[in-house]
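Asks: What TrEMBL lists as active site, proton acceptor is Glu326, His327. The NAD(+) binding site annotation in TrEMBL covers Tyr127, Gln189, Asn212. Annotation comment: TrEMBL describes Ser237, Gln259, His262, His327, Asp360, Glu414, His419 as substrate binding site. For Gln259, His262, Asp360, His419, the entry in TrEMBL reads Zn(2+) binding site.
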Amino acid sequence: MLKVYNFKDLSRKGIEELCRRNVDPNNNIRTTVAEIIDHVKQKGDEALRLYAEKFDGIVLHKLFLDKEELKTIAAGAGEAEKNAIKLAYNNIKKFHETQLRAEEKIETTKGVICWREYRAIEKVGLYIPGGTAVLPSTFLMLGIPAILAGCKEIIVCSPPQKDGKVNAYLAFCAELLGIERIYLAGGAQAIAAMAYGTESIQKVDKIFGPGNQYVTKAKTMIQSESQTAIDMPAGPSEVLIIADDTANPEYVAADLLAQAEHGIDSQAVLVSDSRRIIDETSAELEKQLALLPRAEIASKAIAKSYAIYCSNLNEAMEFSNSYAPEHLILATDQWEAISPDIINAGSVFLGHLTPESAGDYASGTNHTLPTSSYARAYSGVSVDSFIKKITFQHISKEGIRNLGPAVEILASLEGLQAHKNAVSVRLKNNQTK
Ligand SMILES: NC(=O)c1ccc[n+]([C@@H]2O[C@H](COP(=O)([O-])OP(=O)(O)OC[C@H]3O[C@@H](n4cnc5c(N)ncnc54)[C@H](O)[C@@H]3O)[C@@H](O)[C@H]2O)c1
Ligand SMILES: N[C@H](CO)Cc1c[nH]c[nH+]1
Ligand SMILES: [Zn+2]
């Protein structure tokens, strides 16, 4: 069922081809998204209503749900589900709290003190996907670090469901997080609204959150022209599993399918030095797929996925680093020995009993992660994503005497006299006073 490539037969170009995903070769997505962005810029709320009708099949009179409405909707959430959400909330909070650490002040030269302080980004926009599946877990993954960082304005957008509302679990997350409003906007139009502002949605400084190819393309497009930053390109989910002979094919297949069921553009890759594991995982995939409610979606994603047969785990890791997966699972007893060789990955799951789903929901790490090989350069969302680190310095009398002459020379060698003067006038006063 999985198409198998032999690593040693792959040229460099062949590897590059296999690692390429979710490109938009004919610019179809770009063209659609550009139109949507333009329309939202020109027509504001009117465009949001039009797209809600076109893409989500709902005529919206009001574009948001307020605190009272969210409270009523949240009352429909069951106790077991609320308890699971609370457990996830506590673990995610515990893990993210450790990320807020003040840095030390450093005396770089006697009398010259430099340090960094963080300040929260004031206005942030969170996008919670809700097309093929509503993801309350994403609300926790974005809301918790935003609140820990101290962001003042948190705008939340999610596609309206068929009843023109959001589901009870999303509403319950809003209650837990103390977020009093959810805007009913999805797709590229929600991103454009947060980037440019409309009558009801205010422009934000940075947009966060995963989404399908339309959402991700919109994020990358608005960042170059709207003065709104983005967290990263966090598109269709993907997983790469390195599995050796110690792996359990039942677990490996289940982990591949867990990401495949997100959407038809998801990708699940198996890299193994064991032919047996590849064959048995393929058989397991067939078996498990047949039982999945979202089998149609998952089987389309699996059809675009593949396995790589390698001679050893070093080759497997070489392929994985080229692929730069959003999620990397090391399904081997050797995970401790090989994990230092990981160079590119969004989030890593070690050993046979660490399913990727644990990180998706409740272990504590963030599930908003770079896809499409952006894990080469981006990290997943964390509290850091919601803050800016500002540098400070203070120079004393002694400090300017020690540092000033070097700055004067450096300014001269760059031919920047005014820069030099800014030091010279102080040195002159410092000597005479
Ligand atoms: N990388 C990550 O961290 C991460 C985390 C969670 C989810 N995800 C991914 O997020 C994605 C969620 O996708 P989704 O579709 O379920 O929800 P979504 O909320 O991202 O997108 C739904 C919206 O897409 C728009 N849309 C749909 N078809 C369109 C079309 N033909 N033209 C223009 N706009 C269109 C509609 O406005 C709709 O409301 C999945 O691919 C999942 O794998 C990624
Ligand atoms: N796997 C997704 C990140 O790619 C996150 C998620 C949310 N719900 C389930 N899974
Ligand atoms: Zn998932």
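Just so it is clear, glycine is given a Cβ too, placed from its N, Cα and C backbone atoms.
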Asks: As a check: which entries in Gln189, Glu326, Asp360, Glu414, the recorded positions, place their Cβ less than 6 Å from an atom of ligand 3?
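Replies: Correct list: Asp360.
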Asks: Report the same-chain neighbours of His327 (active site, proton acceptor): residues 6+ apart in sequence with Cβ closer than 8 Å to its Cβ, ordered by sequence.
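Replies: His327 (active site, proton acceptor) has long-range Cβ partners Ser237, Glu238, Val239, Leu240, Gln259, Ala345, Gly346, Ser347, Val348, Phe349, Glu356, Gly359, Leu369.
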Asks: For each of Glu326, Glu414, count the other CB atoms within 10 A of its CB; which of these recorded positions has the top count?
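Replies: Of the recorded positions Glu326, Glu414, the highest Cβ count within 10 Å belongs to Glu326.
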Asks: Restricting to the same chain and to sequence separations of six or more, state which residues have a Cβ under 8 Å from that of Asn212 (NAD(+) binding site).
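Replies: Residues satisfying the criterion: Pro129, Gly131, Thr132, Gly187, Gly235, Pro236, Gly263, Asp265.
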Asks: Could you name the residues, excluding Tyr127, Gln189, Asn212, of the same chain that surround the NAD(+) site, i.e. Cβ within 8 Å of the Cβ centre of those residues, in sequence order?
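Replies: Other same-chain residues near the NAD(+) site: Pro129, Gly131, Cys157, Pro159, Ala185, Gly186, Gly187, Ala188, Ala190, Ile191, Gly211, Tyr214, Val215, Ala218.
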Asks: Could you find out if DSSP has His419 (substrate binding site) as helix, strand or coil?
Replies: helix
Asks: Of His262, His419, which of the binding-site residues has the most Cβ neighbours inside 10 Å?
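Replies: By the 10 Å Cβ neighbour count, His262 comes out on top.
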Asks: On the Cα atoms of Tyr127, Gln189, Asn212, which are listed as binding NAD(+), what is the maximum pairwise distance in Å?
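Replies: Value for the max Cα separation, rounded to a whole number: 13 Å.
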Asks: Using the structure shown, find which entry in Gln189, Ser237, Gln259 (the binding-site residues) has the sparsest Cβ neighbourhood within 10 Å.
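Replies: Ser237, out of the binding-site residues Gln189, Ser237, Gln259, has the fewest neighbouring Cβ atoms within 10 Å.
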Asks: Within 10 Å of the Cβ of Tyr127 (NAD(+) binding site), how many other Cβ atoms can you find? Include all protein chains, please.
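Replies: Result for Tyr127 (NAD(+) binding site): 31 neighbouring Cβ atoms inside 10 Å.
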